[in-house]
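Working notes for the structure below.
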Amino acid sequence: MASTSPPSSLGDLDKDVELGKERKPELTQQQHDLLEASEPPFTEHVSPSDNDPNDGGQLEKVTSAKPSLTNIRFVPNGGLRAWLQVLGSFFIYFNAWGIVNTFGTYQTYYETALLSSSSPSQISWIGSVQAFLLMVVSALGGPLYDAGYVHHLLIGGSVLAVLGQFMLSLCGTYWQVFLAQGVCIGIGTGAMFVPGVAILSTYFSTKIATATGLAAAGSSLGGTIYPIVFRQLQPRIGFPWATRVLGFMMLATLVVSNCVLKVRVLPEGRRRFLDLSAFREAPYLFFVAGNMLAFLGLYNPFFYIPSYVIESGIAGPDLAFYMLSIINAASTFGRIIPGYTADRIGPLNMIVPCTFFAGVLCICLAAAHSVGPVIAILIFYGFCSGTLVSLPPTIFVHLTQNRAVIGTRMGMGFAITSLGMLVGTPISGAILNKSSFTWVWVFGGVCTVAGSLCLLGARVTKGGVGLMTKV
(Lines of atoms letter the chains of each structure in order from A; the text may use other names.)
(Lines give C-alpha, C1' and ligand atoms only; values in the text may rest on other atoms or scores of the structure.)
Protein backbone atom coordinates (compact mmCIF):
# COMPACT_ATOMS: atom_id res chain seq x y z
CA MET A 1 0.00 0.00 0.00
CA ALA A 2 1.34 3.41 -0.85
CA SER A 3 2.42 5.39 2.19
CA THR A 4 0.36 8.41 3.21
CA SER A 5 0.89 11.21 5.69
CA PRO A 6 -1.53 10.69 8.57
CA PRO A 7 -3.67 13.59 9.77
CA SER A 8 -2.51 15.54 12.78
CA SER A 9 -5.29 14.15 14.95
CA LEU A 10 -8.17 11.69 14.92
CA GLY A 11 -10.53 14.65 14.85
CA ASP A 12 -8.95 15.77 11.57
CA LEU A 13 -9.43 12.24 10.25
CA ASP A 14 -13.15 12.31 11.01
CA LYS A 15 -13.38 15.74 9.38
CA ASP A 16 -11.65 14.47 6.27
CA VAL A 17 -14.05 11.52 6.03
CA GLU A 18 -17.11 13.67 6.58
CA LEU A 19 -15.94 16.20 3.96
CA GLY A 20 -14.89 13.48 1.52
CA LYS A 21 -16.60 15.13 -1.44
CA GLU A 22 -14.82 18.45 -0.95
CA ARG A 23 -11.41 16.91 -0.29
CA LYS A 24 -11.70 14.21 -2.93
CA PRO A 25 -9.37 15.86 -5.51
CA GLU A 26 -6.54 15.71 -2.96
CA LEU A 27 -6.76 11.89 -2.70
CA THR A 28 -4.75 9.56 -4.86
CA GLN A 29 -6.66 7.00 -6.89
CA GLN A 30 -5.45 4.18 -4.65
CA GLN A 31 -6.61 6.02 -1.51
CA HIS A 32 -9.98 6.65 -3.09
CA ASP A 33 -10.35 2.95 -3.98
CA LEU A 34 -9.51 1.92 -0.44
CA LEU A 35 -12.12 4.24 1.01
CA GLU A 36 -14.67 2.85 -1.44
CA ALA A 37 -13.84 -0.68 -0.24
CA SER A 38 -14.26 0.42 3.41
CA GLU A 39 -10.73 -0.62 4.35
CA PRO A 40 -8.96 1.25 7.18
CA PRO A 41 -6.82 3.93 5.45
CA PHE A 42 -3.91 3.96 7.86
CA THR A 43 -2.85 0.37 8.47
CA GLU A 44 0.33 -1.59 8.33
CA HIS A 45 0.10 -4.92 6.50
CA VAL A 46 2.16 -7.78 7.81
CA SER A 47 1.59 -9.83 4.64
CA PRO A 48 3.60 -8.83 1.56
CA SER A 49 0.50 -9.08 -0.65
CA ASP A 50 -0.30 -5.37 -0.30
CA ASN A 51 -1.61 -5.03 -3.83
CA ASP A 52 -4.68 -7.14 -3.10
CA PRO A 53 -6.84 -5.59 -0.35
CA ASN A 54 -9.13 -8.63 -0.41
CA ASP A 55 -6.35 -11.14 0.21
CA GLY A 56 -7.69 -13.61 2.80
CA GLY A 57 -4.26 -14.22 4.29
CA GLN A 58 -3.59 -10.56 4.94
CA LEU A 59 -3.22 -9.49 8.59
CA GLU A 60 -3.72 -5.83 9.38
CA LYS A 61 -2.06 -4.32 12.44
CA VAL A 62 -4.03 -1.25 13.45
CA THR A 63 -2.00 1.93 13.75
CA SER A 64 -5.03 4.17 14.19
CA ALA A 65 -7.66 2.42 16.30
CA LYS A 66 -10.56 4.71 15.47
CA PRO A 67 -11.03 3.87 11.77
CA SER A 68 -10.80 0.13 12.42
CA LEU A 69 -12.55 -0.93 15.58
CA THR A 70 -14.32 2.10 17.01
CA ASN A 71 -15.66 3.40 13.70
CA ILE A 72 -18.21 1.09 12.10
CA ARG A 73 -17.90 2.91 8.75
CA PHE A 74 -14.83 0.79 8.06
CA VAL A 75 -16.46 -2.59 8.83
CA PRO A 76 -17.06 -4.57 5.56
CA ASN A 77 -20.52 -5.84 6.69
CA GLY A 78 -20.56 -8.44 3.92
CA GLY A 79 -18.64 -9.93 1.01
CA LEU A 80 -17.19 -13.38 0.35
CA ARG A 81 -14.40 -13.08 2.88
CA ALA A 82 -16.82 -11.95 5.60
CA TRP A 83 -19.29 -14.77 4.98
CA LEU A 84 -16.47 -17.31 5.00
CA GLN A 85 -15.86 -16.21 8.59
CA VAL A 86 -19.48 -17.12 9.32
CA LEU A 87 -18.82 -20.59 7.86
CA GLY A 88 -15.71 -21.03 10.00
CA SER A 89 -17.53 -19.78 13.08
CA PHE A 90 -20.44 -22.13 12.27
CA PHE A 91 -18.18 -25.17 12.65
CA ILE A 92 -16.65 -23.74 15.82
CA TYR A 93 -20.15 -23.58 17.32
CA PHE A 94 -20.85 -27.03 15.83
CA ASN A 95 -18.03 -28.56 17.86
CA ALA A 96 -18.20 -26.34 20.97
CA TRP A 97 -21.82 -25.82 21.98
CA GLY A 98 -22.86 -28.69 19.76
CA ILE A 99 -20.88 -31.08 21.96
CA VAL A 100 -22.31 -29.47 25.11
CA ASN A 101 -25.83 -29.88 23.72
CA THR A 102 -25.09 -33.57 23.09
CA PHE A 103 -24.31 -34.37 26.71
CA GLY A 104 -27.88 -35.46 27.49
CA THR A 105 -27.25 -38.53 25.33
CA TYR A 106 -24.11 -39.34 27.30
CA GLN A 107 -25.92 -38.63 30.60
CA THR A 108 -28.52 -41.29 29.84
CA TYR A 109 -25.93 -43.80 28.59
CA TYR A 110 -23.68 -43.26 31.62
CA GLU A 111 -26.60 -43.70 34.06
CA THR A 112 -27.51 -47.08 32.55
CA ALA A 113 -24.13 -48.48 31.46
CA LEU A 114 -20.62 -47.07 31.78
CA LEU A 115 -21.08 -45.07 35.03
CA SER A 116 -24.18 -46.76 36.46
CA SER A 117 -22.67 -46.71 39.97
CA SER A 118 -22.60 -42.87 39.92
CA SER A 119 -25.60 -40.66 40.73
CA PRO A 120 -27.24 -38.41 38.11
CA SER A 121 -25.86 -35.37 39.97
CA GLN A 122 -22.30 -36.74 39.84
CA ILE A 123 -22.59 -37.54 36.14
CA SER A 124 -24.04 -34.12 35.32
CA TRP A 125 -20.91 -32.48 36.79
CA ILE A 126 -19.01 -33.80 33.75
CA GLY A 127 -21.21 -31.88 31.32
CA SER A 128 -21.50 -28.79 33.50
CA VAL A 129 -17.71 -28.54 33.95
CA GLN A 130 -17.30 -28.90 30.20
CA ALA A 131 -19.72 -26.01 29.58
CA PHE A 132 -18.17 -23.97 32.40
CA LEU A 133 -14.65 -24.33 31.00
CA LEU A 134 -15.90 -23.48 27.50
CA MET A 135 -17.05 -20.06 28.71
CA VAL A 136 -14.28 -19.35 31.26
CA VAL A 137 -11.40 -20.30 28.96
CA SER A 138 -12.95 -18.25 26.16
CA ALA A 139 -12.99 -15.26 28.51
CA LEU A 140 -9.38 -15.78 29.62
CA GLY A 141 -8.28 -16.33 26.01
CA GLY A 142 -9.48 -12.89 24.94
CA PRO A 143 -6.16 -11.11 25.62
CA LEU A 144 -4.32 -13.80 23.65
CA TYR A 145 -6.66 -13.14 20.73
CA ASP A 146 -6.02 -9.40 20.99
CA ALA A 147 -2.26 -10.03 21.08
CA GLY A 148 -2.45 -11.81 17.71
CA TYR A 149 -2.33 -15.45 18.85
CA VAL A 150 -5.47 -16.27 16.88
CA HIS A 151 -4.31 -19.40 15.10
CA HIS A 152 -2.52 -20.59 18.22
CA LEU A 153 -5.91 -20.58 19.95
CA LEU A 154 -7.66 -22.19 16.99
CA ILE A 155 -5.14 -24.96 16.45
CA GLY A 156 -4.44 -25.59 20.13
CA GLY A 157 -8.13 -25.66 21.00
CA SER A 158 -8.96 -27.94 18.08
CA VAL A 159 -6.22 -30.39 19.07
CA LEU A 160 -7.36 -30.53 22.70
CA ALA A 161 -11.04 -30.98 21.77
CA VAL A 162 -10.35 -33.80 19.31
CA LEU A 163 -7.80 -35.40 21.66
CA GLY A 164 -10.30 -35.36 24.52
CA GLN A 165 -12.93 -37.03 22.33
CA PHE A 166 -10.56 -39.82 21.32
CA MET A 167 -9.34 -40.29 24.90
CA LEU A 168 -12.97 -40.60 26.01
CA SER A 169 -13.21 -43.76 23.91
CA LEU A 170 -10.57 -45.36 26.18
CA CYS A 171 -12.19 -44.38 29.50
CA GLY A 172 -13.71 -46.84 31.93
CA THR A 173 -14.00 -44.96 35.25
CA TYR A 174 -15.72 -41.77 36.40
CA TRP A 175 -12.54 -39.71 36.83
CA GLN A 176 -11.17 -40.77 33.46
CA VAL A 177 -14.40 -39.60 31.79
CA PHE A 178 -14.39 -36.41 33.87
CA LEU A 179 -10.84 -35.50 32.79
CA ALA A 180 -11.27 -36.41 29.12
CA GLN A 181 -14.79 -35.14 28.45
CA GLY A 182 -15.18 -32.47 31.11
CA VAL A 183 -11.70 -30.95 31.35
CA CYS A 184 -9.82 -31.67 28.12
CA ILE A 185 -12.72 -31.06 25.73
CA GLY A 186 -13.91 -28.11 27.85
CA ILE A 187 -10.54 -26.33 27.69
CA GLY A 188 -10.16 -27.09 23.98
CA THR A 189 -13.60 -25.81 22.99
CA GLY A 190 -13.10 -22.71 25.15
CA ALA A 191 -9.82 -21.84 23.44
CA MET A 192 -11.15 -22.20 19.90
CA PHE A 193 -14.45 -20.48 20.73
CA VAL A 194 -12.72 -17.09 21.21
CA PRO A 195 -11.82 -16.54 17.52
CA GLY A 196 -15.17 -17.93 16.39
CA VAL A 197 -17.04 -15.20 18.26
CA ALA A 198 -14.61 -12.27 18.15
CA ILE A 199 -13.75 -12.34 14.45
CA LEU A 200 -17.37 -11.81 13.37
CA SER A 201 -17.60 -8.43 15.12
CA THR A 202 -14.77 -7.12 12.92
CA TYR A 203 -16.52 -8.11 9.68
CA PHE A 204 -20.15 -7.11 10.37
CA SER A 205 -21.95 -4.07 11.80
CA THR A 206 -25.66 -3.77 10.95
CA LYS A 207 -25.82 -7.48 10.01
CA ILE A 208 -24.02 -8.70 13.13
CA ALA A 209 -27.08 -10.39 14.70
CA THR A 210 -27.87 -12.23 11.45
CA ALA A 211 -24.26 -13.35 11.04
CA THR A 212 -24.00 -14.47 14.66
CA GLY A 213 -27.34 -16.28 14.43
CA LEU A 214 -26.24 -18.20 11.34
CA ALA A 215 -22.97 -19.14 13.03
CA ALA A 216 -24.68 -20.12 16.28
CA ALA A 217 -26.99 -22.43 14.33
CA GLY A 218 -23.95 -24.70 14.14
CA SER A 219 -24.39 -25.59 17.81
CA SER A 220 -27.96 -26.72 17.17
CA LEU A 221 -26.98 -28.74 14.12
CA GLY A 222 -24.13 -30.34 16.04
CA GLY A 223 -26.49 -31.07 18.93
CA THR A 224 -28.87 -32.70 16.43
CA ILE A 225 -26.39 -34.79 14.43
CA TYR A 226 -24.03 -35.98 17.17
CA PRO A 227 -26.71 -37.66 19.34
CA ILE A 228 -28.22 -39.44 16.32
CA VAL A 229 -24.83 -40.72 15.17
CA PHE A 230 -23.95 -41.89 18.69
CA ARG A 231 -27.30 -43.58 19.20
CA GLN A 232 -27.16 -45.39 15.84
CA LEU A 233 -23.56 -46.56 16.18
CA GLN A 234 -23.20 -47.38 19.89
CA PRO A 235 -25.33 -50.57 19.87
CA ARG A 236 -23.63 -51.77 16.66
CA ILE A 237 -19.94 -51.00 17.13
CA GLY A 238 -19.79 -50.25 20.85
CA PHE A 239 -19.10 -47.12 22.90
CA PRO A 240 -15.35 -46.78 22.06
CA TRP A 241 -15.73 -46.75 18.29
CA ALA A 242 -18.94 -44.70 18.33
CA THR A 243 -17.04 -42.07 20.30
CA ARG A 244 -14.11 -42.23 17.86
CA VAL A 245 -16.44 -41.66 14.90
CA LEU A 246 -17.61 -38.45 16.56
CA GLY A 247 -13.95 -37.55 17.01
CA PHE A 248 -13.28 -37.96 13.29
CA MET A 249 -16.32 -35.77 12.53
CA MET A 250 -14.94 -33.11 14.86
CA LEU A 251 -11.53 -33.31 13.18
CA ALA A 252 -12.94 -32.92 9.65
CA THR A 253 -15.15 -29.93 10.47
CA LEU A 254 -12.52 -28.13 12.55
CA VAL A 255 -10.07 -28.33 9.65
CA VAL A 256 -12.51 -26.13 7.71
CA SER A 257 -12.58 -23.53 10.52
CA ASN A 258 -8.80 -23.44 10.77
CA CYS A 259 -8.52 -22.89 7.02
CA VAL A 260 -11.07 -20.09 6.52
CA LEU A 261 -10.98 -18.00 9.70
CA LYS A 262 -8.77 -14.94 9.09
CA VAL A 263 -8.13 -11.89 11.24
CA ARG A 264 -9.05 -8.58 9.60
CA VAL A 265 -7.79 -6.18 12.27
CA LEU A 266 -6.14 -6.33 15.67
CA PRO A 267 -6.61 -3.66 18.34
CA GLU A 268 -3.83 -1.37 19.47
CA GLY A 269 -2.21 -2.33 22.74
CA ARG A 270 -3.21 -5.09 25.09
CA ARG A 271 -6.71 -5.68 26.30
CA ARG A 272 -7.46 -5.47 29.99
CA PHE A 273 -8.88 -8.51 31.76
CA LEU A 274 -11.38 -6.35 33.64
CA ASP A 275 -13.41 -3.24 32.94
CA LEU A 276 -15.06 -2.63 36.31
CA SER A 277 -16.78 0.49 35.01
CA ALA A 278 -19.17 -1.86 33.16
CA PHE A 279 -20.80 -2.81 36.48
CA ARG A 280 -21.73 0.82 37.06
CA GLU A 281 -23.92 0.64 33.94
CA ALA A 282 -27.37 -0.71 34.81
CA PRO A 283 -28.10 -2.32 31.39
CA TYR A 284 -24.87 -4.34 31.49
CA LEU A 285 -25.38 -5.36 35.12
CA PHE A 286 -28.96 -6.48 34.54
CA PHE A 287 -28.02 -8.34 31.37
CA VAL A 288 -25.17 -10.32 32.95
CA ALA A 289 -27.30 -11.20 35.99
CA GLY A 290 -30.14 -12.29 33.70
CA ASN A 291 -27.85 -14.50 31.67
CA MET A 292 -26.46 -16.21 34.77
CA LEU A 293 -29.92 -16.89 36.20
CA ALA A 294 -31.28 -18.12 32.86
CA PHE A 295 -28.37 -20.50 32.28
CA LEU A 296 -28.84 -21.84 35.81
CA GLY A 297 -31.96 -23.60 34.55
CA LEU A 298 -31.70 -23.51 30.76
CA TYR A 299 -29.87 -26.81 30.26
CA ASN A 300 -32.12 -29.00 32.44
CA PRO A 301 -34.12 -30.33 29.44
CA PHE A 302 -30.91 -30.81 27.42
CA PHE A 303 -29.40 -32.98 30.17
CA TYR A 304 -32.41 -34.79 31.63
CA ILE A 305 -35.16 -35.14 29.02
CA PRO A 306 -34.00 -38.57 27.71
CA SER A 307 -33.88 -40.00 31.24
CA TYR A 308 -37.25 -38.42 32.08
CA VAL A 309 -38.97 -39.94 29.07
CA ILE A 310 -37.56 -43.42 29.79
CA GLU A 311 -38.09 -43.49 33.57
CA SER A 312 -41.60 -42.03 33.30
CA GLY A 313 -42.62 -44.66 30.74
CA ILE A 314 -43.53 -42.01 28.20
CA ALA A 315 -41.42 -43.62 25.47
CA GLY A 316 -38.82 -46.32 25.02
CA PRO A 317 -35.06 -45.77 24.74
CA ASP A 318 -35.10 -45.53 20.94
CA LEU A 319 -37.44 -42.53 20.87
CA ALA A 320 -36.05 -41.05 24.09
CA PHE A 321 -32.61 -40.56 22.60
CA TYR A 322 -34.13 -38.61 19.72
CA MET A 323 -35.82 -36.16 22.09
CA LEU A 324 -32.51 -34.32 22.45
CA SER A 325 -32.17 -34.08 18.67
CA ILE A 326 -35.70 -32.65 18.50
CA ILE A 327 -34.76 -29.83 20.90
CA ASN A 328 -31.59 -29.03 18.99
CA ALA A 329 -33.28 -29.18 15.58
CA ALA A 330 -35.89 -26.67 16.74
CA SER A 331 -33.13 -24.59 18.29
CA THR A 332 -31.56 -24.19 14.84
CA PHE A 333 -34.51 -22.05 13.76
CA GLY A 334 -34.44 -20.36 17.17
CA ARG A 335 -30.98 -19.01 16.41
CA ILE A 336 -31.40 -17.95 12.78
CA ILE A 337 -34.89 -16.41 12.78
CA PRO A 338 -34.55 -14.38 16.02
CA GLY A 339 -31.09 -13.24 14.88
CA TYR A 340 -32.52 -11.96 11.59
CA THR A 341 -35.44 -10.33 13.42
CA ALA A 342 -33.15 -8.77 16.05
CA ASP A 343 -31.39 -6.73 13.37
CA ARG A 344 -34.74 -5.05 12.74
CA ILE A 345 -36.43 -4.73 16.15
CA GLY A 346 -33.40 -4.86 18.46
CA PRO A 347 -31.71 -7.86 20.18
CA LEU A 348 -33.00 -7.08 23.69
CA ASN A 349 -36.56 -6.87 22.37
CA MET A 350 -36.06 -10.36 20.98
CA ILE A 351 -34.29 -12.14 23.83
CA VAL A 352 -36.62 -11.07 26.67
CA PRO A 353 -39.86 -12.76 25.50
CA CYS A 354 -38.01 -15.82 24.18
CA THR A 355 -36.30 -16.37 27.53
CA PHE A 356 -39.57 -15.90 29.44
CA PHE A 357 -41.44 -18.43 27.31
CA ALA A 358 -38.54 -20.90 27.56
CA GLY A 359 -38.91 -20.82 31.35
CA VAL A 360 -42.68 -21.29 31.18
CA LEU A 361 -42.31 -24.21 28.77
CA CYS A 362 -39.77 -25.90 31.06
CA ILE A 363 -42.31 -25.77 33.91
CA CYS A 364 -44.96 -27.19 31.56
CA LEU A 365 -42.88 -30.37 31.18
CA ALA A 366 -44.00 -31.30 34.70
CA ALA A 367 -47.55 -31.72 33.36
CA ALA A 368 -46.61 -33.58 30.16
CA HIS A 369 -47.11 -37.34 30.53
CA SER A 370 -47.44 -38.56 26.94
CA VAL A 371 -45.34 -38.41 23.78
CA GLY A 372 -47.35 -35.76 21.92
CA PRO A 373 -47.28 -33.02 24.55
CA VAL A 374 -43.62 -33.67 25.39
CA ILE A 375 -42.53 -33.35 21.75
CA ALA A 376 -44.65 -30.21 21.25
CA ILE A 377 -43.13 -28.56 24.33
CA LEU A 378 -39.60 -29.53 23.29
CA ILE A 379 -40.05 -28.01 19.81
CA PHE A 380 -41.14 -24.65 21.23
CA TYR A 381 -38.56 -24.86 24.02
CA GLY A 382 -35.77 -25.49 21.53
CA PHE A 383 -36.83 -22.49 19.46
CA CYS A 384 -37.06 -20.09 22.43
CA SER A 385 -33.88 -21.29 24.16
CA GLY A 386 -31.84 -20.84 20.99
CA THR A 387 -31.83 -17.07 21.39
CA LEU A 388 -29.91 -17.35 24.68
CA VAL A 389 -26.91 -18.76 22.83
CA SER A 390 -27.04 -16.74 19.61
CA LEU A 391 -27.94 -13.22 20.81
CA PRO A 392 -25.74 -12.49 23.90
CA PRO A 393 -22.58 -11.71 21.85
CA THR A 394 -24.61 -9.26 19.76
CA ILE A 395 -26.11 -7.67 22.86
CA PHE A 396 -22.70 -7.18 24.47
CA VAL A 397 -21.72 -5.24 21.34
CA HIS A 398 -25.00 -3.33 21.52
CA LEU A 399 -24.43 -2.34 25.17
CA THR A 400 -20.83 -1.20 24.67
CA GLN A 401 -20.24 2.25 23.20
CA ASN A 402 -16.45 1.86 23.03
CA ARG A 403 -15.83 -0.99 20.59
CA ALA A 404 -12.24 -1.32 21.85
CA VAL A 405 -13.48 -2.90 25.12
CA ILE A 406 -16.12 -5.20 23.62
CA GLY A 407 -13.89 -8.23 24.09
CA THR A 408 -13.22 -7.41 27.74
CA ARG A 409 -16.87 -6.89 28.59
CA MET A 410 -17.94 -9.96 26.64
CA GLY A 411 -15.35 -12.07 28.46
CA MET A 412 -16.46 -10.76 31.85
CA GLY A 413 -20.08 -11.51 31.00
CA PHE A 414 -19.33 -15.04 29.81
CA ALA A 415 -17.26 -15.77 32.93
CA ILE A 416 -20.12 -14.78 35.23
CA THR A 417 -22.69 -16.62 33.10
CA SER A 418 -20.57 -19.76 33.30
CA LEU A 419 -21.17 -19.94 37.05
CA GLY A 420 -24.84 -20.62 36.34
CA MET A 421 -23.93 -23.33 33.86
CA LEU A 422 -21.48 -24.89 36.33
CA VAL A 423 -23.92 -25.45 39.20
CA GLY A 424 -27.32 -25.52 37.46
CA THR A 425 -27.56 -29.12 36.26
CA PRO A 426 -25.76 -30.64 39.30
CA ILE A 427 -28.30 -28.85 41.56
CA SER A 428 -31.05 -30.36 39.41
CA GLY A 429 -29.42 -33.77 39.78
CA ALA A 430 -29.40 -33.38 43.56
CA ILE A 431 -33.07 -32.35 43.43
CA LEU A 432 -33.81 -35.47 41.39
CA ASN A 433 -32.10 -37.67 43.99
CA LYS A 434 -34.32 -36.25 46.75
CA SER A 435 -37.62 -35.85 44.90
CA SER A 436 -38.79 -36.25 41.30
CA PHE A 437 -38.47 -34.83 37.79
CA THR A 438 -41.38 -32.47 38.52
CA TRP A 439 -39.18 -30.31 40.73
CA VAL A 440 -36.30 -30.50 38.26
CA TRP A 441 -38.52 -28.82 35.65
CA VAL A 442 -39.91 -26.32 38.17
CA PHE A 443 -36.41 -25.34 39.31
CA GLY A 444 -35.19 -24.91 35.72
CA GLY A 445 -38.26 -22.94 34.68
CA VAL A 446 -38.26 -20.59 37.66
CA CYS A 447 -34.57 -19.78 37.20
CA THR A 448 -35.10 -19.07 33.50
CA VAL A 449 -38.14 -16.86 34.14
CA ALA A 450 -36.19 -14.96 36.82
CA GLY A 451 -33.43 -14.47 34.25
CA SER A 452 -35.92 -13.06 31.76
CA LEU A 453 -37.04 -10.46 34.32
CA CYS A 454 -33.44 -9.29 34.74
CA LEU A 455 -33.09 -9.13 30.96
CA LEU A 456 -36.24 -6.99 30.94
CA GLY A 457 -34.49 -4.70 33.41
CA ALA A 458 -31.59 -4.39 30.96
CA ARG A 459 -34.00 -3.56 28.16
CA VAL A 460 -35.85 -0.87 30.19
CA THR A 461 -32.71 0.80 31.54
CA LYS A 462 -31.20 0.84 28.06
CA GLY A 463 -34.17 1.92 25.94
CA GLY A 464 -36.96 2.96 28.29
CA VAL A 465 -40.47 1.52 28.51
CA GLY A 466 -41.58 2.34 24.96
CA LEU A 467 -42.65 -0.85 23.22
CA MET A 468 -41.72 0.47 19.77
CA THR A 469 -38.17 1.46 20.75
CA LYS A 470 -35.52 -0.56 18.94
CA VAL A 471 -33.08 -1.75 21.59
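Just so it is clear, glycine is given a Cβ too, placed from its N, Cα and C backbone atoms.
Remember, TrEMBL labels are computer predictions, not curated facts.
If you look up TrEMBL, you'll see 12-26 marked as compositional bias 'Basic and acidic residues'. TrEMBL lists 283-471 with the feature domain 'Major facilitator superfamily (MFS) profile'. Sequence annotations record features per position, and here TrEMBL assigns region 'Disordered' to 1-62. Marked as transmembrane segment by TrEMBL: 82-103, 123-142, 149-168, 174-201, 208-229, 241-261, 282-299, 319-338, 350-368, 374-399, 411-432, 438-458.
Under the criterion of 3 or more C-beta pairs below 8 Å, with sequence separation of 6 or more, the transmembrane segment (149-168) and the transmembrane segment (411-432) do not qualify as touching, having fewer than 3 such pairs. Between the transmembrane segment (411-432) and the transmembrane segment (241-261) there are fewer than 3 Cβ pairs closer than 8 Å, counting only pairs 6 or more residues apart in sequence, which means the two stretches are not in contact. With pairs at least 6 apart in sequence, the transmembrane segment (82-103) and the transmembrane segment (174-201) have 3 or more Cβ pairs within the 8 Å limit; the two touch.
If you look at the transmembrane segment (241-261), the same-chain residues 6 or more away from its ends with a CB under 8 A from one of its CBs are 56, 84-85, 87-89, 91-92, 94-95, 99, 150-151, 154-155, 158, 161-162, 165-166, 168-169, 192, 195-196, 199, 225-226, 229-230, 233-234. Using a Cβ-Cβ cut-off under 8 Å and counting only residues 6 or more beyond its ends in the same chain, the transmembrane segment (374-399) has close neighbours at 97, 197, 200-201, 208-209, 212-213, 216-217, 219-220, 281, 283-284, 287, 291, 294-295, 298, 301, 305, 309, 314-315, 323, 326-339, 342, 346-348, 350-351, 354-355, 357-358, 361-362, 364-365, 368, 406, 409-410, 413, 417, 458, 462, 471.
Beyond the transmembrane segment (123-142), the same-chain residues lying 6 or more positions past its ends with a Cβ under 8 Å from any Cβ of the stretch are 96-97, 99-100, 103, 106-107, 110-111, 115, 153, 177-178, 181-183, 185-187, 189-191, 193-194, 197-198, 271, 273, 299, 303, 407-408, 410-412, 414-415, 417-419, 421-426, 428-429.
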